[in-house]
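Pulled from TrEMBL, these are the features on record:
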DOMAIN    523-713  domain 'STAS'
TRANSMEM  87-110  transmembrane segment
TRANSMEM  116-133  transmembrane segment
TRANSMEM  140-159  transmembrane segment
TRANSMEM  187-210  transmembrane segment
TRANSMEM  217-239  transmembrane segment
TRANSMEM  259-276  transmembrane segment
TRANSMEM  341-361  transmembrane segment
TRANSMEM  373-390  transmembrane segment
TRANSMEM  410-430  transmembrane segment
TRANSMEM  468-499  transmembrane segment
Amino acid sequence: MSKSKKENEEIKIPFFQTPVDQYVVSRPLYTEDSFTENHEKVERKHKTTLDHVKQYFTCDSKRVKNAALSLVPIVGWMKMYRVKEWLLGDIVSGVSTGLVAILQGLAYSLLASLPAWYGLYAAFFPVIIYFFLGTSRHISVGAFPVLSLMVGAVVTRMVPDGGPTVNITGLEGLSIDDQRAMVSASLTFLIGIFQLGMGLLQVGFVVIYLSDTLVSGFTTAAAVHILISQLKFIFGLSVPGFSGPLILESIFTQITSTNIHDLVTAIVVMVVVFAVKEINERFKSKLPVPIPIETIIACGVSYAFNFKDNHGVDVVGLIPDSFETPVAPNIEVFKETAVDAFPMAIVGFAISFAVAKVYAVKHDYVIDGNQELIAFGVSNIFGGAFKSLASSTALSRSAVQESTGGKTQIAGILSAIIVLIVTLAIGFLLEPLPKSVLGAVVIVNLKGMLMQMREVPYLWKKDRLDCIIWIVTFLASIFLGLDLGLAVGLGVELLAVVFRTQFPRCSVLANISGTDIYRDRKDYINIYEPEGVKIFRIPAPIFFANIDFFRGKLLDAVGFNPLRILRKRNKALRKIRKLIKKGELSKGLQVTGSYPIEESEDETNTEELDQPVDFSDLPVQVNWRAELPANISVPPVDIHSLVLDFSAVSFIDISALKGLKTALKEFIRIDVEIYIVACDPYIIEKLKSCSFFDHEIKTSIFFVTLHDAMLHILERHPPLSVSEKVSGSRTFSPPPYSIRLAYNATKKTLLPGLSSWDL
């Protein structure tokens, strides 16, 4: 309740004198109207669509400078480069990352069904472009196993091992490897076009729709695909192409043809690499750089043993000591792969952006999603022109670059130089490397993605909807393929968002005794719920899809249907009017029987029954809480006030406005006072502009806080004392809950001894 200005001044306590574990506030009770009157708002001009368009196309020197710096981020971080502090770390990081990138490039080329050296191109050409255009200082650009696998699925579909090649102009007369390289290059080019286009259109926000749960389920399924695809190299079998789990059938039918040397070598390599990686992880604080075990084993195995000649093992083979000349992409490949390229563009960017965000937060700098799209788009376009494999990033390789002291993308450019040296000078050392070793390296590096399966029990306990998204995405990606699996997962995720907003957990609030805090009445013991008041909390936006749900929950909360009661009251009034007309209600008349009255079609008109109760032709108003004559029965209403907590309502659409207005009027017409609290001022402005208010629904129903509304309600409806509850009488002005209707049909006046409150 409001206090005088003098009282407010006397109660005010300086903040620094207030105990730290409590606070004291003295202020007037505010409705939204009174708050607006007492506190002047800043007049702001809201920009129109035309203003935004003009601003977007306005050009000045400052904007040109900012645009140039945003498009070439290297200019920004190069100016602040600390040579003495960062250069040594970048050199060590670049060398370490380069060694890892070489072997991963060779291994991931197998996933794409390409000759191994195209993976080296992915560790060189895209890195150069990203050095100039990228905003992340720590990610390592290059081949990524999931993306390589998706590329491989398209490559083997268009250029299968044993079947006819898709009829595409420009591929005639080329070997299978060259055809696949051309398809991969064109696909990479198209992926880059999609990414660049999205970056220029400023739609980098698209990755927000790929939640961590969805990405986890998707990458885990991709890891299973990758694991299965490498089994043919581990067992040394000739399996024509691969199509997910179906490859297992071909492997099992040929299992007796396993090359034991491939199998044993792969197992030994996996054990050693896994053990050394665990050592690197456990002692990373003591080791200056991680032990590059993959590279050591690769060089040692390939140089020390002549597996191809001695044991018939399939090896990497010739690695050219020069780069291939750039080529133009094949337009017909564009047409055949457009549907495949778009999800690859999304996946490649989403993974790299997620990894980049981790290191940006850790090292306190900002990355730009739109600029990242541009950087990867140009990188893939440039790499595709040189027949590079599609590029993204990998957590393991980026972890090496960051953990070995890398501070900027100078480490990335140095890793590209290491790849360049290997490609042009010492690539011959890797030519006798068995593909089974590369397969073993790929499988070991899948540990992180496969271990994501441990999230399922946790998600099931903490958030079952998220767990369902994970499982559905995983299973769909396993059995339908990665592209369709991603689409299914995204669809389920969007349905989950709709489900959460359409069916949120509504609650009835009550007051925590002795405070101005209100919580769900089911959750606390020491809680006070004023008699005759219901506080209903709406915890989500209100829109066309959930307005009926909210109305149903509201009716459940109050325990009655106001529309049904309104119709009952209007029907009761009709009967009362008929009794009055017959003169059967007079002083001292006791009505004991039932008087059925036939109703015409007009009287049963639903539209009339839904109108406000009309006492205009009666000299008294009926108290609906009392016993009515002639056995007329109307359901009781045990509340006088309904409070709607809008603190979590972020928007209301036009369709929901109509439903909300109808629901509020139904309560108002049965004499239940409506209050809306903590509503966003912009929503109130929208309600005003949409003609929400009228003679029944007024702006005075809005209160600044829930406690303001409750104080107002308690002032209007003081709670009954114990003696009043026992005696059924009270001393204040509101009417008692008992009444007897009496009417003198002749004089049309109140009966002697009855006040207007009694009636």
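Every residue, even glycine, has its Cβ placed from backbone N, Cα and C.
Curation does not apply to TrEMBL; its annotations are automatic.
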| Chain residues outside the transmembrane segment (468-499) and at least six past its termini with a C-beta under 8 angstroms from it | 146, 149-150, 153, 209-211, 213-214, 216-218, 220-222, 224-225, 244-245, 339-340, 343-344, 346-347, 455-456, 459, 545
| For the transmembrane segment (187-210), what are the same-chain contacts with Cβ under 8 Å, counting residues 6+ beyond its ends? | 151, 154-155, 329, 333-334, 337-338, 340-342, 344-346, 348-350, 353-354, 368-385, 388-391, 490, 493-494
| field | Distant-in-sequence neighbours of the transmembrane segment (341-361), which means Cβ under 8 A and at least six residues beyond its ends | value | 135-139, 141, 144, 146-147, 150-151, 187, 190-192, 194-195, 198, 204, 206-207, 210, 212, 215, 218-219, 367, 369, 372-373, 376, 380, 390-395, 398, 402, 482-483, 486-487
| field | Considering the transmembrane segment (217-239), which listed stretch of 87-110, 140-159, 410-430 counts the most C-beta pairs under 8 Å | value | 140-159
| message | Are there residues at least six beyond either end of the transmembrane segment (116-133) with Cβ under 8 Å to its Cβ atoms? List them, or say none. | response | 71-74, 98, 101-102, 104-110, 141-143, 148, 181, 184, 316-317, 319-320, 323, 371, 374-376, 378-380, 382-383, 386-391, 409-410, 412-413, 415-416, 419-420, 422-423, 427, 430, 438
| said: Against the transmembrane segment (373-390), which of these stretches has the most C-beta pairs under 8 Å: 87-110, 140-159, 410-430? | reply: 140-159
| Taking a Cβ cut-off under 8 Å, which residues six or more beyond the ends of the transmembrane segment (410-430) line up next to it in the same chain? | 81, 86-87, 89-91, 93-95, 97-99, 101-102, 105-106, 116-117, 120, 123-124, 127-128, 130-131, 140-141, 298-299, 302-303, 316, 319-323, 401
| Do any residues of this chain, six or more beyond the ends of the transmembrane segment (140-159), have a C-beta under 8 angstroms from a C-beta of it, and if so which? | 97, 101, 104-105, 108-109, 111-114, 119, 122-123, 126-127, 130, 134, 165-166, 168, 171, 176, 179-180, 183-184, 187-188, 218-219, 222-223, 225-226, 229, 241-243, 333, 336-337, 340, 343-344, 347-348, 351-352, 376, 379, 389-394, 397-398, 400-401, 412, 415, 442, 445-446, 481-483
